[in-house]
Amino acid sequence: MYTLARQLLFKLSPETSHDLSLDLIGAGGRLGLNGVLCKQPAALPVSVMGLNFANPVGLAAGLDKNGAAIDGFAQLGFGFVEIGTVTPRAQPGNPKPRLFRLPEATAIINRMGFNNLGVDHLLERVRAARYDGVLGINIGKNFDTPVERAVDDYLICLNKVYGHASYITVNISSPNTPGLRSLQFGDSLKQLLDALAERREQLAGEHGKRVPLAIKIAPDMSDEETALVAATLMESGMDAVIATNTTMGREGVENLPYGGEAGGLSGAPVLEKSTHIVKVLSAELGGKMPIIAAGGITEGRHAAEKIAAGASLVQIYSGFIYRGPALIREAVDAIAAMPRA
């Protein structure tokens with residue numbers, strides 16, 4: 001069924017197809033149809049960050065930036081749903097076209113630029129949703145906020161989403177907001193994380209609950225840089241790391257149509273690079289902080305490979321675009337079939 005739907009959707013421009021798919025998934029969720037039409041994955045509960053997940057396969061941020069289809073995605077069988085990236089104020093993102101399919105490589109290039117309707121709108125959608133599972137909210141900074149003032153934007157979003165999120169992801173790794181990735185390193189990273197950790201403890205007291213903080217990092221780092229990031233995350237008291245965002249590299253797609261477009265590359269070509277980051281993080285963290293693996297999962301076995309590399313959970317986005325809900329079931333089954341330690 002999804003194969004036919006994809007053939008029709010892929011005749012449209014990528015962004016039109018994305019918006020239409022979001023509308024359809026959202027409508028199906030409101031009507032309660034998605035769970036009926038889609039075969040559900042096997043139960044595979046797991047506890048991570050003190051949260052109970054129905055299964056370890058989640059929706060990565062970016063597909064539902066404004067929380068428009070939370071119930072719809074949950075009904076497809078995802079073990080958790082992450083929405084955003086959301087910024088304090090609404091912003092249009094980068095000029096179109098800004099989203100490109102590379103079907104020969106099962107890949108996508110995007111330079112969306114955190115287009116979203118703002119944190120207040122997102123929270124309206126969260127409050128309207130019936131979903132009671134694990135909901136992550138991914139936060140970022142506005143395009144016109146100087147990098148030196150980025151912490152202000154993250155704190156605004158943290159304050160607003162805190163009471164509505166199961167966990168909060170701090171996105172410092174999108175390649176489409178100038179200067180953002182510089183926040184992953186050195187004093188910039190430590191100052192940001194320390195500010196977030198301090199405010200989180202205050203919010204925990206006010207709300208009577210401690211909401212986990214996850215940091216999403218890029219795949220375009222050396223082993224040494226990754227090790228330094230891991231050390232800073234532990235020192236600052238973060239609860240998880242998401243590895244990884246899209247890559248600026250173009251290995252394997254250089255000669256394909258749209259392969260030279262600016263933006264972040266996701267899908268199959270980022271699998272090896274992303275999984276390597278997971279392995280490095282796992283060695284550095286030594287089990288002291290869970291890893292949520294994202295990047296390049298287009299087959300169920302890729303999800304199992306991420307878990308074997310040291311991840312506790314996985315997320316999919318580009319693979320879902322190409323494979324549909326079947327990939328969720330396939331990934332859950334592959335993880336369930338792994339030998340127990």
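Glycine is no exception: its Cβ is also placed from the backbone N, Cα and C atoms.
If you look up Swiss-Prot, you'll see Ser174 marked as active site, nucleophile. The C-beta environment of Ser174 (active site, nucleophile), restricted to residues of the same chain at least 6 apart in sequence and closer than 8 Å, consists of Thr85, Phe114, Gly140, Leu180, Arg181, Asn245, Thr246, Gly264.
Under the heading FMN binding site, Swiss-Prot lists Ala61, Gly62, Leu63, Asp64, Lys65, Thr85, Asn138, Asn171, Lys216, Thr244, Gly267, Gly296, Tyr317, Ser318. Classification of Lys216 (FMN binding site) by DSSP places it within a strand.
The substrate binding site annotation in Swiss-Prot covers Lys65, Asn110, Arg111, Met112, Gly113, Phe114, Asn171, Asn176, Asn245, Thr246 and is backed by sequence analysis. Within its own chain, Arg111 (substrate binding site) has Asn94, Arg98, Leu99, Pro175, Asn176, Glu261, Ala262, Gly263, Gly264 as residues 6 or more apart in sequence whose C-beta sits under 8 angstroms from its own.
Around the Cβ of Lys65 (FMN binding site), the number of neighbouring Cβ atoms within 10 Å comes to 21.
The distance from the Cα of Asn138 (FMN binding site) to the Cα of Asn171 (substrate binding site) comes to 6 Å. Excluding Lys65, Asn110, Arg111, Met112, Gly113, Phe114, Asn171, Asn176, Asn245, Thr246 themselves, the residues of that chain whose CB lies within 8 A of the CB mean position for the substrate site are, in sequence, Gly62, Thr85, Gly93, Ser174, Pro175, Thr177, Gly263, Gly264. Taken residue by residue with DSSP, Gly267 (FMN binding site) is part of a strand. When the Cα atoms are compared, Asn171 (substrate binding site) and Lys216 (FMN binding site) turn out to be 5 Å apart. Within the set Lys65, Asn110, Arg111, Met112, Gly113, Phe114, Asn171, Asn176, Asn245, Thr246 that the record links to substrate, no two Cα atoms are more than 16 Å apart, and one pair reaches that distance.
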